[in-house]
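Going by TrEMBL, these are the annotated features:
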| type | residues | note |
| --- | --- | --- |
| TRANSMEM | C:20-40 | transmembrane segment |
| TRANSMEM | C:52-78 | transmembrane segment |
| TRANSMEM | C:98-116 | transmembrane segment |
| TRANSMEM | C:123-142 | transmembrane segment |
| TRANSMEM | C:162-182 | transmembrane segment |
| TRANSMEM | C:211-232 | transmembrane segment |
| TRANSMEM | C:252-282 | transmembrane segment |
Amino acid sequence: MRRSTSLAVVAVALLAAGCASDKPTATVTASQGATAPQASATESPAAGTGEQSKFFVQADYDAQLAMRTKQAQGPADKPWEQAIDPQMTDTAGYKKSGDVHLCFSNAAVNNPWRQVGWKNMQAEVSLHKEITKFTALDAEGKDDKQISDIAELTGKGCDALIVSPNTTATLTPAVEAACQKVPVIVFDRGVETDCPVTFINPIGGYAFGADGAEFLVEKVPAGGKILALRILPGVDVLETRWSAAKVTFDKSQLEVVGVEFTDGDAAKTKNIVSDYVQRHGKIDGVWMDAGATAVAAIEAFEDAGLPVPPIVGEDQQDFLQKWKDNNLTAVAPTYPTYQWRTPVIAALKILKGEEVPKTWKLPQPKITAENLDQYLKPNMPPLHYALCGCETLPGFPANWGGKG
Amino acid sequence: MKYAIFVVLVLLLAAIALANPFILEPAGFLAFVKRAAPLVILAAGQYFVIVSGEFDLSVGSLVTVEVVVAARLIDGNEAATWPVLALLLALGLLVGLVNGVVTTLLRVPSFITTLGMMLILSGAVFLWTGGAPRGALSQTFRIFGRDTLYAVAIMVVVGVAAVLLTRATYGRTLIATGDNERAAALSGVRVTRTRILAFVISGLAAAVAGIMLGGFAGVSAQVGQGLEFSAITAVVLGGVALGGGRGSVVAAMGGAFTLEAMFTLLNLYGISGALEYTLQGVIIIAAVAAGAVQLPRLTPTPRKGDAHAS
Amino acid sequence: MSERVLGSLSLRMGPAQVVFLALLAVLVLGAIVGGAEFMSMETVVGIQQRSAALGIVAIGQTLAILAGSLDLSVAVLISLTSLVAAEMMESGNVAGGVAGALAVSVLVGLVNGAVITKFKVHAFIATLGMTLVIKGVLDHLYDGPAGRVPDSFQRLGYDRIGPIPVSALLWAGVALAVWFILTRTRTGYRIYAVGGDVEVARLSGVRTDRVVIITHVLCSLCAGIAGLLLASRLGAGAPTVGTDGGYDLESIAAVVLGGTALAGGRGGVAGTVGGVLLLAVLDSLFNLLEVNSFFKDVVRGVVIVAAVAVYVRRRKS
C-alpha cells in the first residue's frame, strides 16, 4: 500500500516535472501606453493624405508632442542618461553584488541604424569592468527565433536581460515569461506588458513625423505640393511617423499630391520623385518617414535641373553632408541611436538597487540649420547616424567605420 | 510570334502615353530607357544562363556587392575610379566563373549553387565592411548610371554585344546545350565550357548593372535586393523557357522593358501601392500562361522532372 | 577526417545518413566547444523550437520537390494563414481558426497546382506570381500584427513534455504522416514516378497533373500548419512573419541539404528532417560562439553547396 502510494506520488511528481510550459500562466495585457486604438478619426481626409492608420492613438500622439518641449532631467552632455518626466520605480529587489552577466536579445542587425546602435552598446559594455560576461543573440529579424532566443537566454544564468523586440505584439508572451526569472529591460520598440523593469526609448514616432511635417508647413507657402515618401506599410514605428505627419498636413494649407512607398530603395525613390516632378511640374516639399533615401530624392531634383525644395531627412551622414554642401532648406528629425547605450546603464543601476524610470523617455533632438555643424562629422561613413552619442566611446571612430 | 512581347510593350507604352505624353518626347523616352537599363542588362545576362538550362539567383546580391565594394575602395577618390571599375568587372567575372564551375564540374544544380553564392556574397561583403556600407563613390563613377546618355549608350553596347554573341556559333551551341544536353555533347558541343561561359556572362552583366545602379542612386545596403527575381521574370516574360533551349535575347531584353513599363504604368494610374504586387503577380502568371498556350512545342523535348536541374 | 575516409564512408550511405552523420559531428563539436551550456535544457529546447516551423514547411517542400516542382509561395502563405487563424480565433473559436487557415492553404495549393499543370506555367514563375499576389493582399489589408489567439491555443507553441516541445511533436507528426504517404501509399509511389520522369509516368498510366496538384495542396497545407504554429508562438498573426523567416528559400535549402534531388524523384522525409536539424544545430553553435549573422550566411551558403556537391558525386559513382 505504502509502496503504491509512494509510486503514485513519484509518478505525479515526474509528470509535474515533465509537463512544463514556457508560457506564463496569467497573461497580463496591461499595456504600455497603448490604449485601445481609436476608430479612425471622423474628420474627412482633406489634403490627399488618405485614411488614418489603425495604429493611431490620440493620447500617445498628444503625449509625445507635449514631451518635445519638456526639459529632460539628467547630465546635460549625456542625453542617453537623461529622462523626460521620469516616474521612478524601486529596484531594491534586484540588488546583487559582484560580477555581472548581462544578456541581450537583439531583433536584428540588418540595417545601418541597428549596426550603429549595436556598436554603441558593445562599446558601452566595454566601459564597465563589472560586466564580466555579455551574451548577445541576434534574431536576424525573425519573431519566432527571438522568442526562442529569449527563452534560451533566461536559462543561461543572466543577471539581467536586455530585449530589443522585433515586433511589439508578438514578443509580448516571451518577454512576460522572461520577466518571471530575471529583471528585463526593453528598449526601442515596446511590448504590451508592463512587466519589464524599465522601457527605454526616445520620444517616438509621432514626434518624429510631426517634426518633419511642421517644418514643411512653416517653410512651404500655402497651396504648395508635398510628396510624402514612406518605406513600407505595416511597420508600427513607421506608421506612427506618417500618422502624425498626416494630422499636421490635414490641418495645413498644403496639398499632399502623393504618398508613395519606396521599400527603402534608392533607385526606386529617385524614380518616384522624378515621376512626380515631371507630372506636377513642381514639388514644393518632400516629407520622409526615414532618411535612408533622402539623398536619392535630392538627386532626383538635381538631375531634373531643379532647385531642391524644403526636405525632411534624418541624421544620416550622407544627408547631412549634402545639406551642408548644397545649403539646402532641410530638417532632420532623429530617432537617436544613443538609446542603445542606455539599457546597459539601466541594467547596472537595477542590479545596484538604484531606482530607474519605469518608462525611460530619452530626448529626441532634431537637426536644424542652426545645429547642423555640431552633428556633421565629415569622416564618418555615409550611412552613419550622427546622434550615436559615441564620440567619446572606446574605439571611435574606427569601429563605426570612420577615419581619423 | 517570337517577339509577341514587343506587342505587349507597345500597348503598355501607348497606355503610359495616354496618361503622360511626356514619354513620347525624346527626353521622356530616353528617361524611360535609362530607368530600364540596369534590368535590361541583367536580363540579357540571365538569358544566357536560362537558355542553357540553368538559373542564376546570385545576381541580386552580386549587384549589392559591386556597389558596396566600389564605395569602400573608391572612398571618394576620383583617381581610384578606373582601377576599381576594372576590378569590379573582374569580380563579376570571377563570381560567374565560380558559379559555372561548381554547377558544371561539381554537378550541383545551379539553383543551389547560386542560392549558396547569394548567401555567401551578401554575408561576405558586410563581414568585410562591418555591417554597413562605408566610403563613397566618385563623381566619375556616378556618371555611368546618372547621366542619361552614358546609361543608354552602355545599355545599347551591351545589348548589341549580346545579340552578336547569340548570332555567333556560341549562341547556337548554347541553345543546343539547353535543349538537349546529351545530343549537343554527342554532336561535339563542349557543354561544360558553354555553360561556364553563360554564367560568366551573367556575372559580368550583374557587374555592369551594379555599376549603373550605384551610379544612378548612390551607395545603399540593399540596392540589389530582389533583382534576381525581377531579372528571371523579365526573361520569362520575353518568352524564354525556364529549362532552356528556347527563346531569344532580344525578347528577353524586351521582357525587361515590359516589366519596367508595367511598373511605370501601375504607378501612373495610382493603383494602391500594396495591391500593385497582386496585379503584378497576376499579370506575370497570365503572360507566361498565354505564352505556353500560344506556343505549343513543335519539337517535343522530354520534360524530365522539372527543368531546373541538370 | 581525411577526404578518402569520408568518401569511402559516404559511399555506403544514402544522403539522409550523411546528413545525420554531419548532424552528429556538429553536435559533438558543440559539446566540445560549449560543454554543459550547449547541452543545457534551454539549448536543447531552443534548437527544437527554432526548427519546428521551418521543419514543417520543409516537409511540405519535400513533397513538391520530389514531384519535380517547387513552391516559393510558402513564406507569404505562412503569414497569411497566421493572420487568418489569429483573426478568426479572436472570438475564441479555435477550431474555426484552424479550419479557416487550412482551408486557405488548400485553396492556394490548388491554384498553384492548377496553374502549373493546366496552364503549363513553370513552378518557379507560378509560385513567384502567387507570392506577389498574396503579398499585395497582405500589404493592402494589414498594417501590422493583427488578431489574437486564446491562451489555450498558445499552449501549442509553448508547452513541452520534458525536453520535447509540443511544436516538435507536431513537426514529428507531420513528418510521420508524409513519410507514410510517400512510402506506404500509391500516391507516394506516383509522386516519385512523376518526379523521376514525367513522360514515363504518364505513359504508365499515372495522371501526372493530379499528382502535381496533390503535392502542391499538401505542401501548402504544411505551410498552413506552420502558420498556425507561428500564430500560437506569437499570440497573433503577423503579415511579415513568413518572409522575415525566409521560409521560402530556406525550406528549399533544407530539403536539398537533406539529400532530396532538386530535379525530383529522389530523396525523402528523413533527410529533410536531418537537414533542418543540421541548420538549427549549426545556428545554436553560432549562437554559442556569438558569430555575427554575416558570417553565418557565408557558412550556410558554403555548407549547402558543399553538401549537394558531395551527394551528387556519390550518386554518380
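Each residue's number is its place along the chain shown, starting with 1.
Placed from the backbone N, Cα and C atoms, the Cβ positions cover glycine too.
When each of C:20-40, C:98-116, C:123-142, C:162-182, C:252-282 is checked for Cβ pairs under 8 Å to the transmembrane segment (C:211-232), C:98-116 comes out on top. Beyond the transmembrane segment (C:98-116), the same-chain residues lying 6 or more positions past its ends with a Cβ under 8 Å from any Cβ of the stretch are 69, 71, 73, 77, 80-82, 84-85, 88, 122-123, 126-127, 129-130, 134, 212-221, 223-225, 227-228, 231.
Of the two recorded stretches, the transmembrane segment (C:252-282) lies close to the transmembrane segment (C:52-78), with three or more CB pairs under 8 Å once pairs fewer than 6 apart in sequence are set aside. Non-local neighbours of the transmembrane segment (C:52-78) in the same chain are 104-105, 108, 112, 116, 123-124, 127-128, 130-131, 134-135, 138, 165, 167-168, 170-171, 174-175, 178, 182, 191-192, 194-195, 198, 211-212, 215-216, 218-227, 229-230, 233, 241-243, 245-252, 254-256, 258, 260-269, 272-273, 275-277, 279-280; each lies 6+ residues outside the stretch with a CB under 8 Å from one of its CB atoms.
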